[in-house]
Ligand code: ATP
Ligand code: MG
């Protein structure tokens, strides 16, 4: 099969292919970008595979960066773009079900395509727009089926992350997982305990924020994968409630929203320890915790100036959007109105600080001063006090009488 024309992202990268070929090697576009081009989806990261070894690749181009030489990857800067150029390789011995013990560079494209995870990820695209399809990936694309390359059992036992990747692709592509591939996912799910949590997080996060996350999550539950993910052991019912709680076409907008929805479905009181188990950064833990707090606040009461000030418009809208997905009453206008009416959005915007109060009014440092500053902040947020120096000083004088 030949593409009618190369999408512009590949056209721009053609000089890289041409230079490698002029040096006497083979080179192809590979991986997700070829899949996405065939699906007429937006293309990111044009990856190139080549028969040239890393040192040979480096010798061809003026500007390169060693980004993963031990895996055969050289970053080539060419024609205003950055391209990962990776030597054809096989990954032979897996020691810890996670990373191959050794990577062997080979000169054969076929060997390289054989080690890829799914048939729809194992195409190569030549410079003349010819698609090389050694595993009937085109038929699988047509039928919207996700199938492991070769023997599924072997592929998942070599690298269990592929199980998470498979679930994630079923969510992003809206593909059904082929029966034997799915059976092997079930069988080898326990190996996920050996996979680094960070890598599982990336895949689970991509799954939850994908357009067809319900399909991916349903498959994750069916395959029993949750039992081998941090803090999700025996949580199938709670996870299934996440499927029931939202409208079929509800798409999750951000990672923070996804993990908030997850914490809510799991009925977790304090999200931080859970998110810590998933090794997420502390700012992420904080945002999710806040988002869950606003969502819970909204179950009891409507928003007011203080809640919008405390959590911010953006988080309030994300929480409201979760309500919308659940078919609960929403009021986005109120959030906008309250936000627009706020005189300040941050403590730092207050024109008076503790030093000034001490200097101008002779106040002493200590808890009373702290309380006074909090009262000033609350009064400005409420709109009862102007954010002006004289008005604030009068306010303080009144209170210190
Ligand atoms: P995305 O669109 O999310 O980037 P992708 O398919 O490009 O999806 P990448 O993680 O960028 O995924 O990997 C690029 C390619 O490398 C894949 O298409 C696949 O061929 C191969 N690949 C990546 N990870 C694995 C793995 N764990 N096992 C086998 N092949 C893999
Ligand atoms: Mg990619």
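Any Cβ shown, glycine's included, is placed from N, Cα and C.
Record features (TrEMBL):
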type    : residues                        : note
BINDING : 32, 35, 116, 159, 162, 165, 168 : CTP binding site
BINDING : 32, 35, 116, 159, 162, 165, 168 : ATP binding site
BINDING : 45, 47                          : Mg(2+) binding site
DOMAIN  : 27-147                          : domain 'Poly A polymerase head'
DOMAIN  : 174-232                         : domain 'tRNA nucleotidyltransferase/poly(A) polymerase RNA and SrmB- binding'
DOMAIN  : 252-396                         : domain 'CCA-adding enzyme C-terminal'
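Shown on the structure are the features that TrEMBL records.
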{"residue": "32", "record": "CTP binding site", "Cβ within 10 Å": "18"}
{"residue": "35", "record": "CTP binding site", "Cβ within 10 Å": "22"}
{"residue": "45", "record": "Mg(2+) binding site", "Cβ within 10 Å": "12"}
{"residue": "47", "record": "Mg(2+) binding site", "Cβ within 10 Å": "17"}
{"residue": "116", "record": "CTP binding site", "Cβ within 10 Å": "23"}
{"residue": "159", "record": "CTP binding site", "Cβ within 10 Å": "20"}
{"residue": "162", "record": "CTP binding site", "Cβ within 10 Å": "27"}
{"residue": "165", "record": "CTP binding site", "Cβ within 10 Å": "20"}
{"residue": "168", "record": "CTP binding site", "Cβ within 10 Å": "23"}
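By the rule that a residue counts when its Cβ sits under 6 Å from some atom of ligand 1, the binding-site residues 116, 159, 162, 168 yield 116, 159, 162. Residues 32, 35, 116, 159, 162, 165, 168 are recorded as binding ATP; their most distant pair of Cα atoms lies 21 Å apart. Secondary structure from DSSP puts residue 47 (Mg(2+) binding site) in a beta strand. With respect to ligand 2, the binding-site residues 45, 116, 159, 165, 168 contribute 45 as residues with a C-beta closer than 6 angstroms to one of its atoms, given in sequence order. Mean pLDDT for the domain 'tRNA nucleotidyltransferase/poly(A) polymerase RNA and SrmB- binding' (174-232) in the predicted structure: 98.
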